[in-house]
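What follows is one structure encoded as structure tokens, with my remarks underneath.
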Amino acid sequence: MDDFLAEVKWDKLIEATQESIYMTTISVLATFILGMILGLLLFLTNKGSLWQNRPVNFVIAAFVNIFRSIPFIILIVLLIPFTKALVGSMLGANAALPALIIGAAPFYARMVEIALREIDKGVIEAAQSMGANHFQIIFKVLIPESLPALISGLTVTAISLVSFTAMAGVIGAGGLGHFAYLEGFQRNRPMVTLVATIAILILVFIIQLIGDYFTKRTDKR
Amino acid sequence: MITIKNVTKTYAAKQGAVKAVDNVNIDINDGEIFGVIGYSGAGKSTLIRMLNGLEIPTDGSIKVAGREISHIKGANLRKARQEISMIFQHFNLLWSRTVIDNIAFPLEIAGVPKKKRMQRVKELISLVGLDGRENAYPSQLSGGQKQRVGIARALANNPKVLLCDEATSALDPQTTDSILELLVDINKRLGLTIVLITHEMHVIRKICHRVAVMEGGNIVETGPVLQVFKNPKQQITKKFVQQVTEPEETKDTIEHLLSGYPNGQVIQLTFVGDGAEQPLITNLIRQFPLTVNILQGKISQTQNGSYGTLFIHLDGEEKDIQKALEYISSQEVGVEVISNG
């Protein structure tokens, strides 16, 4: 066992974990913001909603559906020119970010839309009857009333982002996926792959725990 | 306070245009509790929602507190809505907020500073009798308590008009009564004009000054509650009045009685206002050589007086019965002979 573990380069593992955490954190934050905007727009421009607008709704829905349907590994490849123009390189953690965000934001946008649809229409109407403007309805009714669903949706999205980072790692973005592939698989050291997997699992469990905690705390229903 | 003039609301449906509200005219006075009663689909919900601009009339005009609600938009409409509050059948509270924060919500919308907000919320909580529940979430409240929060929230910005959209329909009878009492109390204390819609005549009887009966988008009958009770003209109104004046089993009971009293006559007396408080039966027995048998009776209280029905059985000489009936009629009591034994 010790022999096997000796194969693992711990400093490299820690570095890879840090890269994974970095990619996940930044992409979760960006996905949250972009997904919220897209999700809110999807909801608000829908039929019967505050900003009912069929063309805008159609365009956003098309964008969301297309990017949600492309397999992530293909999306990375498709976005190479875009990423090169934006980041200047295809290597390193930052180069993974555009694909991660563009891959996850539409997914989260749909979850945001579903969460918003769950809100009782009567509550929105009550706010309108009190003279609330649209800004107040969004920030005082829509977001607070759907918060538990928004958080649990973000948890699910964050966990898929962890696996996305691992995939991005294989084509050179760094992180635990890269580590497992290069140090473990290619050098035929299964123990390294196993340790990297455990590190990813721990990361996922921590995200799930944090997500569950906040979902529960915000849910007063 | 409220003027509804030639208001029509048409919806486009697959089968063509549907008239939800058809040429309705109502004037509601300052400080009045005005009820609109009708079955579901009568258009009453659409009507009340036009009073705060949640629906826009297809035709006609609606004036509330001096503002032409049917024609204003944007910031003006939002400002006007702060003076026209609404409470709902399903309360529509924000579950993510405590009682305090729910009541503070309309104050936040109106831009009241925090200190003033909390002071006002405190007043409102004791006004609606929610002391001790300030920090509860709606999920921890009973239906009646939720509606109290709804009422407190509606009163926060000192509105001139309170609209009640089936406000008691989701509550049990006892809670309904306590909420209705609260509404009457608020109406008297604050001089608030209240418009309510319901399908329960009980609610109209208990708190309304005037009532309009709605059917198929039209107002088919309107007037002071007692008068409508006394003299319902339309078939639908009679049905609604029966909801409160006659227990459901009355018809069966009367039929049973008719077979039980083959002689004499079974008579239905209708008392309205002061008539309900006279010792009519005593006078009847003293003045006529008749046997009087009380079969069934009920007295209901309305905001402008009491209303009651009494079924009695009279037995004796035919001419004495006739005289007795004349006497009863002279006492401003409605008489209806149910059977001729």
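Cβ coordinates are placed from backbone N, Cα and C, and glycine is handled just like the others.
Because the structure is a prediction, the values reported are computed rather than measured.
TrEMBL annotations:
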type	residues	note
DOMAIN	A:17-211	domain 'ABC transmembrane type-1'
TRANSMEM	A:20-44	transmembrane segment
TRANSMEM	A:56-80	transmembrane segment
TRANSMEM	A:86-109	transmembrane segment
TRANSMEM	A:149-171	transmembrane segment
TRANSMEM	A:191-211	transmembrane segment
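Listed as Cβ neighbours of the transmembrane segment (A:149-171) (distance under 8 Å, sequence separation of 6 or more from its ends, same chain) are residues 20, 23-24, 27-28, 31-32, 35-36, 72-73, 76-77, 90, 96, 99-100, 103-104, 107-108, 111-112, 114-115, 118, 143, 177-181, 200, 203-204, 207-208, 210-212, 214-215, 218. Counting C-beta pairs under 8 angstroms (sequence separation of 6 or more), the transmembrane segment (A:191-211) reaches the transmembrane segment (A:20-44) with 3 or more such pairs. Residues 50-51, 56-57, 60-61, 63-64, 93, 96-97, 100-101, 104-113, 115-117, 138, 142, 150, 154, 157-158, 161-162, 164-166, 168-169, 173-177, 199-200, 203, 207 of the same chain lie 6+ residues outside the transmembrane segment (A:20-44) yet bring a C-beta within less than 8 angstroms of a C-beta in it.
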